[in-house]
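K.L.:
So that we are looking at the same thing, I have put the structure below in structure tokens.
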Amino acid sequence: MTNNFPEDHTFPEWIPHPFLADMSDADNLKEELIDLQVNQGCQTKFRTLPLSGFWCDQLVAYPGLARAALEMIIPFPTTYLCEKAFSAMLHIKTIAQNRLQGGLLHDIIRQWVRRTLMTSYGLELTDKGEVSVWAVVVSLFIGGAIIGASVGGRLSDTLGRRTAMLANHLLCIVSGLLFMSCKVIGSVEMLFIGRFTAGLYAGLATCIVPMYLSEVAPAELKGVMGVVFPLGMCVGLLISQILGLDCILGTESGWPFLLGAFVVLVVMAVLAHPALPESPTYCYTVAQDGARGLRELQRLRGSDSKAVEAEASALTDLASQVEKGQSRNTWSVLSLLRSSTFRMSLIITIFANAAQQLSGVNAVFYYSTLIFRGAGLDLHQSQGASIGAGAINALIAIVAIPLVRHCRRRMLLLTSMLLCVLSQCVLVGALWYLPVYTWASYIAICSLMSYVVAYGIGLGPIPFMLATELFPVGPRSVGIAAGGTANWVGNMVVGLIFPLVQSEIGEFSFILFITSSCIFGIFMYIFLPETFRRGPHTDSQEDMDSESSNRTNVDPESESIAAV
């Protein structure tokens, strides 16, 4: 019998990844392990990883720099944590191989949790107990993010955009310090609190940052600033992937610093905060402080007095409309649903954010290791290939900047959804033939990369921008909060449902994402108005209906350019 294992048989147990090979060989592999154990004294146990535990394995051990990635790109301390869309990329290291080569990073953290609970409380976890504790660790982040997203709009209106971001940065620093200290102090509770705090921060950032960027940007750069937000996510993810390698910080001694590495950049953002201008739109329309709004406009626009005067005049008119209209304190999700003016805008915002998560981006990256391994790459090459996919993702986010600036939002979103569906259809076929034909792995790689490109030009950035363009200032914060909440809820649904469905039907689980993308795509085709260079006076339901029925005749250059 051929020996498939290294000469050093000191590993404690071997857990095969369920999609790295034809699992019909699992019994043969088990027999090899038994033979090694009997004849060579290998102290090895065989245990199969239950697929139902997939979501519990999604603790991102390197969320770090993604939280502060935007500080590296623009001079505003705008930050975001990208766990949701790419959490499954932890699987660039296969479970089987890392059991043989020293342990997967999330396994290292889980073992630390087990040892710490035993030392502190004398509590010896069973396998089910360990899974339950890990589920709590993972769920705390998502729960915090949903809460943060739901209150982010109200917080930004109450404190102001600038102050809300500062408070969120301080919250982020607390989270990082908890992560870096939990192992030294030996406190699992600090890891729990750090996870919840990190999720709360991420949810708040989902609302506050896009709103701030849209309000401080000049009219001709609003689309560009909208893309900068997801661009920062992609760059932060890429840096975190690199730092998460086992040759850098992805080790037993380095993981606390990996979890809290973002603190360095966030501290830099806090130090730069005094130079950050407040949103003139907030000053004029929410705080009702025109004098301060004019000062902030002058800080933002510099010596361009004509631009300052024109924008100040537009903001003054808008503030008058807001003051005469509904009270800014009366807006809520229910009031928007009851409003014939903003009901459809709210539904579109919620559906667009849900569509982003239900497009299956998590699942595509979950299969990335299988695809690269099927192409004949070894472990380290697969890691490099996955990082390469992350680099392509960041590159496409950069390419999306001129696209969003010059192309219609509706066209980009619908094109992106169509290409994602086609890529997933090809991917399903390639994964089906992967155990049989070598060439299928190359088709799978091409379809994966095409999905990354398609996602990056529309589904990635557009949902974060829609609420800022569909809603005027009054209900804008509520609309953004609703969209952010839908985004995180969609993330949670995919994380809970996908592993269960995938364990039953394998690669055909993509049919769920293909179906949902088709449904959302049809909805967007029928109801989504064009928001390219949309002004604040086109936000009535009548205007939306008019745009929906006459989209093909709209010339974007003839549309009013938004000044706020």
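Yeah, the Cβs are placed from backbone N, Cα and C, and that goes for glycine too.
Reproduced below are the annotations present in TrEMBL:
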- 91-532: domain 'Major facilitator superfamily (MFS) profile' (DOMAIN)
- 537-564: region 'Disordered' (REGION)
- 131-153: transmembrane segment (TRANSMEM)
- 165-186: transmembrane segment (TRANSMEM)
- 192-212: transmembrane segment (TRANSMEM)
- 224-243: transmembrane segment (TRANSMEM)
- 255-272: transmembrane segment (TRANSMEM)
- 346-367: transmembrane segment (TRANSMEM)
- 387-404: transmembrane segment (TRANSMEM)
- 411-433: transmembrane segment (TRANSMEM)
- 439-466: transmembrane segment (TRANSMEM)
- 478-502: transmembrane segment (TRANSMEM)
- 508-528: transmembrane segment (TRANSMEM)
K.L.:
At a C-beta cut-off of under 8 Å, are there same-chain residues at least 6 beyond the transmembrane segment (478-502) that contact it? List them, or none.
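P.N.:
Distant contacts of the transmembrane segment (478-502): 51-55, 58, 84-85, 87, 138, 142, 145-146, 149-154, 203, 206-207, 210-211, 331-333, 336, 342, 345-346, 349-354, 356-358, 360, 362-363, 366, 463-464, 466-468, 470-471, 509, 512.
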K.L.:
Please indicate, using numbers and ranges, the residues of the same chain that are 6 or more beyond the transmembrane segment (346-367) and have a C-beta under 8 Å from a C-beta there.
P.N.:
19, 54, 84-89, 91, 333, 336-337, 389, 413, 417, 420, 424, 427, 431, 444, 448, 451-452, 455, 459-460, 462-463, 466-467, 470-471, 479-480, 482-484, 486-487, 489-491, 493-495, 498, 502, 507, 509-510, 512-514, 516-517, 520-521, 523-524, 527-528
K.L.:
Would you call the transmembrane segment (439-466) and the transmembrane segment (387-404) in contact, using three or more Cβ pairs under 8 Å, pairs 6 or more apart in sequence?
P.N.:
yes
K.L.:
Take a look at 131-153, 165-186, 224-243, 255-272, 411-433 and tell me which one has the most Cβ pairs under 8 Å to the transmembrane segment (508-528).
P.N.:
411-433
K.L.:
Can you work out which residues elsewhere in the same chain, 6+ from the ends of the transmembrane segment (387-404), have a Cβ less than 8 Å from its Cβ atoms?
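P.N.:
Same-chain residues near the transmembrane segment (387-404) but 6 or more away: 86, 89, 92, 223-224, 226-228, 230-231, 233-235, 237-238, 241-242, 365, 368, 412, 448-449, 452-453, 455-457, 460-462, 465.
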K.L.:
Out of 131-153, 192-212, 255-272, 411-433, what stretch is closest in contact terms to the transmembrane segment (165-186), meaning most Cβ pairs under 8 angstroms?
P.N.:
255-272
K.L.:
Give me the stretch from 192-212, 255-272, 411-433 with the greatest number of Cβ pairs under 8 Å to the transmembrane segment (131-153).
P.N.:
192-212
K.L.:
Six or more residues out from either end of the transmembrane segment (411-433), which same-chain residues have a Cβ under 8 Å from its Cβ atoms?
P.N.:
352, 355, 359-360, 364, 367, 370-371, 403-404, 440-441, 443-444, 446-448, 450-451, 453-455, 457-460, 462, 506-508, 510-511, 513-514, 517-518, 520-521, 524-525, 528
